[in-house]
Amino acid sequence: MMRRDRLLLVVTLGAVFTADFYFILLPKLRPRQQGPGEHCLCPLSRGPNLTLGGYSAVDTPWLSNASFVDLQATWFEGLDDSTEGLSKLGRLFAHPLYNIHTPELGAEEKLLQPEDLMGYYRRKVSRWERHMKLYSEAAAAVNVTVPEHQVSFDPEASWLKFHLGINRYALYSRDDPAVTRLLRDMQATAVISADYTQDEKALKGSCDCTQVVKPSGHHLKLALKLQNFGKAMFKPMRQQRDQETPDDFFYFVDFQRHNAEIAAFHLDRILDFRRVPPVVGRLVNVTGDILLTTHNEDLKSVFFTSPANNTCFFAKCLYVCKTEYAVCGSPDLLEGSMSAYLPGLSIAPRISIPNPWIRSYSFTGREEWEVNPFYCDNIKQLYPYNSGNRLLNIIDMAIFDFLIGNMDRHHYEIFTKFGDEGFLLHFDNARGFGKHSRDEISILAPLSQCCIIKRSTWLRLRLLSQDRYRLSDVMRESLGGDTLRPVLAEPHLQALDRRLQRVLKSVHRCVRRLGEAQVITTDFIDTHEPDGR
């Protein structure tokens with residue numbers, strides 16, 4: 001009897017030790033065996049049969065026709081001595097991850113064809129010229145002087161080249177010179193017309209004050225037409241760089257910040273998403289560039305001179321139709337962001353889709369994803385998130401929004417031509433960079449709940465966490481080229497590094513729980529296979 005009890009005790013202790021070793025000690029030992037990295041960077045040799053993190057309901061994500069550059073020799077050591085003279089930003093863009101070559105794009109992979117785009121805009125230019133002729137004649141009849149602007153339509157204009165460069169995978173290529181030209185043109189080209197944007201016009205000056213989500217007001221924005229017929233959305237400065245969003249503000253009534261739009265464009269480019277239209281800072285003359293160029297009488301009616309003798313204007317909306325909500329020049333100059341317009345909807349249709357992780361735009365409500373930790377399991381069964389790359393793109397967008405602190409991503413847009421496999425446009429980022437002292441971890445819910453991420457995104461995030469390519473440093477350098485520098489206060493730059501570490505830790509938790517094969521999803525295809533296919 002005594003021997004049987006001893007045997008039972010030994011078997012029980014052995015079972016406890018085995019379970020403790022397998023489930024507790026072994027996961028902690030594995031990372032140490034895999035070298036100095038945080039987890040294994042296995043070669044991308046899974047072949048053509050790829051799946052989304054091992055979930056059977058999700059098919060292969062054919063995200064691009066990119067040819068993969070071998071990273072293993074340069075990942076931890078950096079590049080060779082040829083990059084030593086470059087800045088951190090220069091070294092980053094010289095890294096193999098930012099030089100994955102894409103083959104020649106076919107017509108079906110480009111958003112627009114040159115002949116269609118040129119014909120469309122020539123018709124718009126003709127309508128503009130007829131409109132200006134009629135406007136000038138009407139003004140002359142009542143002895144009103146209309147400022148004349150020298151305008152020209154240039155088929156080689158930077159904004160036209162930018163529109164022609166939009167393709168299935170991004171808004172612009174990594175080395176597209178048209179983007180650099182476009183930023184310069186938006187910053188310096190003369191303004192010939194100012195007007196409310198289309199969504200502002202749709203309000204017709206009336207706003208429902210019972211709505212929590214208000215479509216206009218605090219985020220006053222204008223459409224500015226440039227001398228070369230390019231078009232940009234102007235968002236004026238509303239907050240100082242060092243101001244944080246008050247703790248008592250809900251995310252849906254926060255100010256929209258012009259510098260957040262500028263910084264978001266630079267961050268999007270550094271992450272190599274290239275899904276934010278080009279944005280640049282500009283000092284606008286409120287009188288010369290807006291009041292004297294607009295033909296909209298409603299817009300003219302909201303201008304006034306402040307007691308400090310500054311020229312000001314405010315939104316044409318009842319609940320903020322007050323001078324205390326106005327934006328003012330100093331006395332006429334006002335800084336703001338200039339965001340490039342995308343091609344018109346009549347030639348390049350887009351569709352707006354509710355974000356599956358949309359927030360409750362009320363003071364008390366909560367959405368299902370906020371209370372159900374298994375919410376993503378349901379999303380994976382739904383079209384279009386049950387196949388292709390849509391869910392992975394949602395997670396890219398969530399990571400981007402977490403880094404900038406944007407809680408206001410209620411919808412996303414895609415070009416209809418590219419269908420389900422098109423990229424997501426990262427529009428309207430002005431509610432980012434509101435708080436540097438707080439990280440809103442709920443923005444990362446798509447990542448933490450779904451536990452999948454593109455390998456390309458994962459590798460670039462890890463790269464940006466290294467001192468040689470530190471995210472805050474490359475952002476500071478990139479933003480230093482903008483005319484409104486410094487675009488971000490230093491605490492916001494430091495917050496980027498802190499938030500990046502939180503993203504990496506979230507992925508590590510998923511990898512420990514599910515394994516790398518189920519979490520890190522291959523999204524670029526090696527076209528140089530041994531059999532020559």
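The backbone N, Cα and C atoms fix where each Cβ goes, glycine too.
Unlike curated entries, TrEMBL annotations are predicted automatically.
Note that the structure is a prediction, hence the values are computed from the model and not measured.
Now, the feature entries from TrEMBL:
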type: BINDING; residues: K235, S339, A340, Y341, L342, E413, D428; note: ATP binding site
type: DOMAIN; residues: 303-519; note: domain 'FAM20 C-terminal'
type: ACT_SITE; residues: D408; note: active site
type: BINDING; residues: D428; note: Mn(2+) binding site
Report task. Please work out the number of neighbouring Cβ atoms within 10 Å of the Cβ of D428 (ATP binding site), leaving out its own Cβ. Result -> 23
Report summary line: Listed in sequence order, the residues of the same chain lying six or more positions from S339 (ATP binding site) whose CB sits under 8 Å from its CB are A232, M233, K235, E261, F265, P277, P278, V279
Query raised in the report: If you count other Cβ atoms within 10 Å of each one's Cβ, which of the recorded positions D408, E413 has the most?
Result: D408
Query raised in the report: Taking every protein chain shown into account, which of the binding-site residues A340, L342 has the largest tally of Cβ atoms within 10 Å of its Cβ?
Result: A340
Query raised in the report: Cα-Cα separation of A340 (ATP binding site) and the residue listed as 'active site', in Å?
Result: 21
Query raised in the report: At the level of the C-alpha atoms, what whole-angstrom distance separates Y341 (ATP binding site) and D408 (active site)?
Result: 21
Requested in this report: Find the average pLDDT over the domain 'FAM20 C-terminal' (303-519) in the predicted model and report it.
Outcome: 92
Report task. Find the longest CA to CA distance in the recorded ATP-binding set K235, S339, A340, Y341, L342, E413, D428; express it in Å as a whole number. Result -> 20
Report task. State the Cα to Cα distance, in Å, between L342 (ATP binding site) and the residue listed as 'active site', rounded to an integer. Result -> 21
**Report entry** Integer Å distance between the CA atoms belonging to D408 (active site) and D428 (ATP binding site)
**Finding:** 9
Report summary line: If you count the other CB atoms within 10 A of the CB of Y341 (ATP binding site), including all protein chains displayed, you should get 17
Query - CB contacts for K235 (ATP binding site) [other CB atoms within 10 A, all chains] - result: 25
